[in-house]
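Chemist: The structure follows.
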Amino acid sequence: MGEKPWQPLLQSFEKLSNCVQTHLSNFIGIKNTPPSSQSTIQNPIISLDSSPPIATNSSSLQKLPLKDKSTGPVTKEDLGRATWTFLHTLAAQYPEKPTRQQKKDVKELMTILSRMYPCRECADHFKEILRSNPAQAGSQEEFSQWLCHVHNTVNRSLGKLVFPCERVDARWGKLECEQKSCDLHGTSMDF
């Protein structure tokens with residue numbers, strides 16, 4: 001065995017870290033620019049390399065707006081919005097012909113959410129909805145439509161407007177991923 005048997009695993013982890021750093025930089029609006037005299041060197045989150053760390057422009061970090069986000073605890077509304085965004089995005093990426101395991105995973109996820117959701121009142125309501133309307137995950141369309149109807153059930157109980165489920169794909173369509181890397185086809189460590 002080589003001098004560093006963990007090297008391949010750590011290299012994969014470094015690739016993942018770099019990918020996450022790149023996506024976060026893109027998300028918050030930092031451009032990846034080559035180092036200049038105005039840049040300050042900052043340590044990367046993870047590095048296996050002994051070469052100098054990536055340089056970023058500290059002035060660009062200081063000028064980022066906070067986008068009207070409070071610094072207090074997450075509200076029920078924020079949590080709900082984030083959860084629905086995640087679930088609808090998951091449904092949009094769900095395969096048209098899921099495996100038995102994928103169908104089982106969706107149903108388990110819904111059950112786990114109904115037990116572990118941080119808002120107890122919301123979790124109990126979701127549990128009631130699941131009892132009368134179990135998760136449907138036979139295809140991408142079926143899962144997306146089921147989720148839309150469940151979301152509308154929650155919205156009605158909150159006195160909110162309902163969403164026209166025939167427009168669910170237009171609202172929550174596939175992510176824009178290179179080479180369809182976002183599609184649910186199993187697990188991979190290739191980044």
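Yeah, the Cβs are placed from backbone N, Cα and C, and that goes for glycine too.
As listed in Swiss-Prot for this protein:
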{"type": "DOMAIN", "residues": "72-172", "note": "domain 'ERV/ALR sulfhydryl oxidase'"}
{"type": "BINDING", "residues": "LYS76, ARG81, TRP84, GLU121, HIS125, CYS148, HIS151, ASN152, ASN155, LYS160, ARG171", "note": "FAD binding site"}
{"type": "DISULFID", "residues": "CYS119-CYS122", "note": "disulfide bond"}
{"type": "DISULFID", "residues": "CYS148-CYS165", "note": "disulfide bond"}
{"type": "DISULFID", "residues": "CYS177-CYS182", "note": "disulfide bond"}
{"type": "MOTIF", "residues": "177-182", "note": "motif 'Required for dimerization and substrate specificity'"}
Chemist: Quick one: of the binding-site residues LYS76, TRP84, HIS125, ASN155, ARG171, which has its CA closest to the CA of CYS165 (disulfide bond)?
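Modeler: Out of the listed candidates, the nearest Cα belongs to ARG171.
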Chemist: Taking the residues LYS76, ARG81, TRP84, GLU121, HIS125, CYS148, HIS151, ASN152, ASN155, LYS160, ARG171 listed for FAD, what is the greatest CA to CA distance in Å, to the nearest whole number?
Modeler: 27
Chemist: Could you give me three numbers for the domain 'ERV/ALR sulfhydryl oxidase' (72-172), the DSSP helix, strand and coil residue counts?
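Modeler: Its residues fall into 74 helix, 0 strand, 27 coil.
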Chemist: Measuring CB to CB from TRP84 (FAD binding site), give everything in the same chain under 8 Å that is also at least six residues away in sequence.
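Modeler: Residues satisfying the criterion: HIS151.
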Chemist: Taking 10 A as the limit, how many CB atoms besides its own sit near the CB of ASN155 (FAD binding site)?
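Modeler: A 10 Å sphere around the Cβ of ASN155 (FAD binding site) contains 15 other Cβ atoms.
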Chemist: Can you tell me the CA-to-CA distance separating HIS125 (FAD binding site) and CYS119 (disulfide bond), as a whole number of Å?
Modeler: 10
Chemist: Near CYS122 (disulfide bond) in space, meaning Cα within 10 angstroms, which of the recorded positions do we find among LYS76, CYS148, ASN155, ARG171?
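Modeler: Those close enough are LYS76.
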Chemist: C-alpha of ARG171 (FAD binding site) to C-alpha of CYS148 (disulfide bond): distance in Å?
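Modeler: Cα of ARG171 (FAD binding site) to Cα of CYS148 (disulfide bond) measures 11 Å after rounding.
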Chemist: So for CYS119 (disulfide bond), how many other CB atoms are inside 10 Å of its CB?
Modeler: 15
Chemist: Under a criterion of Cβ-Cβ distance under 8 Å and sequence separation of at least 6, what residues of the same chain contact CYS148 (disulfide bond)?
Modeler: HIS88, PHE163, CYS165, VAL168
